[in-house]
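Quick look at what Swiss-Prot lists:
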type    : residues               : note
BINDING : GLY120, HIS121, ILE122 : (6S)-5,6,7,8-tetrahydrofolate binding site
MOD_RES : LYS226                 : N6-(pyridoxal phosphate)lysine
SITE    : HIS225                 : site 'Plays an important role in substrate specificity'
Amino acid sequence: MAYKEYRDKVLHFIEEHEKWRSHTINLIASENITSPSVNRAVASGFMHKYAEGWPRQRYYQGCKYVDEVELIGVELFTKLFKSDYADLRPISGTNANQAVFFGLGQPGDKVIVLHTSHGGHISHMPFGAAGMRGLEVHTWPFDNESFNIDVDKAEKMIRELEPKIVVFGGSLFPFPHPVKELAPVAKEVGAFVVYDAAHVLGLIAGGEFQDPLREGADIMTASTHKTFPGPQGGVILYKKFADDETIAKLQWAIFPGVLSNHHLHHMAGKVITAAEMLEYGEAYAKQIVKNAKALAEALAEEGFKVIGEDQGYTKSHQVIVDVSDLHPAGGGWAAPLLEEAGIILNKNLLPWDPLEKVNEPSGLRIGVQEMTRVGMMEDEMKEIAHFMKRVLLDKEDPKKVRKDVYYFRLEYQKVYYSFDYGLPMKE
């Protein structure tokens with residue numbers, strides 16, 4: 001085969017993916033869709049440029065336009081999140097966490113994080129960035145009923161362990177974490193308080209969910225492509241939480257510690273997204289939470305076992321469903337079936353699942369942020385719940401449901417809460 005044919009195949013698969021994705025109901029909680037303006041930035045000549053260090057203090061020449069964009073980004077991010085510092089250089093949420101662990105921790109230091117089954121991210125784990133730094137990883141006591149950290153037991157743990165770092169936030173995140181309650185206790189023992197906002201950054205930007213930096217967090221790490229609807233990347237936001245030497249260690253850990261060049265085309269996309277969120281973020285975040293609640297309620301009415309009923313099911317973009325009663329393989333059975341019907345989400349461990357069940361966990365994790373951005377509202381959430389019922393409860397042929405999903409999704413092809421299309425109009 002001629003090498004040009006490989007190029008043609010790659011372009012073909014990209015085109016097919018984009019066509020397929022535009023006609024599916026994407027409910028992956030860790031994904032979103034970027035606006036045409038952000039796409040323009042990501043596809044720009046910034047992708048060819050290299051920059052190391054701070055704006056106007058680079059180790060490379062030719063950065064004058066890149067510097068202007070990054071300085072705009074620092075201004076917008078600090079305004080959006082009311083932080084003293086904003087570092088746009090991390091290239092992912094994991095990269096941001098890695099920098100924090102390396103900058104603030106030493107091998108042997110103790111860190112408290114969520115357990116994987118309770119929603120902790122892999123970068124927090126002994127086998128992830130925390131463990132690679134040599135940190136001694138402990139996990140928060142968790143209350144399955146409230147689907148949250150057990151505050152009383154956590155207070156006791158902090159005082160007994162005297163950790164160097166405590167981490168709030170995670171990947172399974174329907175309810176705010178008790179930052180306000182536990183941050184003062186952590187600071188009593190000299191711990192740094194870190195909040196991993198990867199999943200909820202867009203909600204925080206829009207004034208929903210919680211406000212970690214006002215509730216006691218020193219540092220907020222995040223990815224920029226979930227509820228914050230930018231290109232894949234990361235960010236670190238923080239207050240003047242320590243002396244200059246400690247803050248310099250964190251900054252040094254970012255560069256030259258865990259990255260050199262910081263993917264300038266993605267950086268530019270983050271900056272435009274921050275501007276979009278300053279303009280539209282409040283409306284977007286509010287609708288995300290409304291849609292998540294509407295979907296949870298509709299799924300419960302259809303007969304699904306939705307987690308968190310006593311607390312209104314969710315306060316974030318996520319809806320958690322226990323499907324273990326429907327099939328022995330739980331989410332490992334449900335997610336592929338739904339994919340056949342054009343409904344894309346992921347299987348997920350629930351707090352009572354052992355890690356050995358990772359491929360056949362009890363749960364499904366659902367996120368509504370992308371479907372919200374293409375203009376869907378509460379009524380559409382009811383339709384999505386019914387599609388899921390047809391596949392998983394009624395055992396209807398997924399291929400038949402796929403046809404209905406295709407035509408349903410066809411009506412939602414614009415990216416709202418953006419300068420390109422503004423706000424969606426509710427009929």
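Indices start at 1 and increase along the chain as displayed.
Placement of Cβ uses the backbone N, Cα and C atoms for every residue, glycine included.
Known features from Swiss-Prot, placed on the structure.
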residue: GLY120; record: (6S)-5,6,7,8-tetrahydrofolate binding site; contacts (Cβ under 8 Å, 6+ apart): VAL113, LEU114, THR139, GLY170, SER171
residue: HIS121; record: (6S)-5,6,7,8-tetrahydrofolate binding site; contacts (Cβ under 8 Å, 6+ apart): GLY93, THR94, ASN97, LEU114, GLY128, GLY169, GLY170, SER171, ASP196, ALA198
residue: ILE122; record: (6S)-5,6,7,8-tetrahydrofolate binding site; contacts (Cβ under 8 Å, 6+ apart): THR94, THR116, GLY128
residue: HIS225; record: site 'Plays an important role in substrate specificity'; contacts (Cβ under 8 Å, 6+ apart): SER30, GLU31, ASN32, THR34, PRO231, GLN232, GLY233
residue: LYS226; record: N6-(pyridoxal phosphate)lysine; contacts (Cβ under 8 Å, 6+ apart): ALA29, SER30, GLU31, ASN32, ALA198, HIS199, VAL200, LEU201, GLY202, HIS317, GLY367, GLN369
To test your reading of the (6S)-5,6,7,8-tetrahydrofolate site: which residues beyond GLY120, HIS121, ILE122, same chain only, put their Cβ within 8 Å of the Cβ centroid of those residues?
VAL113, LEU114, THR116, GLY119, SER123, HIS124, MET125, GLY128, GLY170, SER171
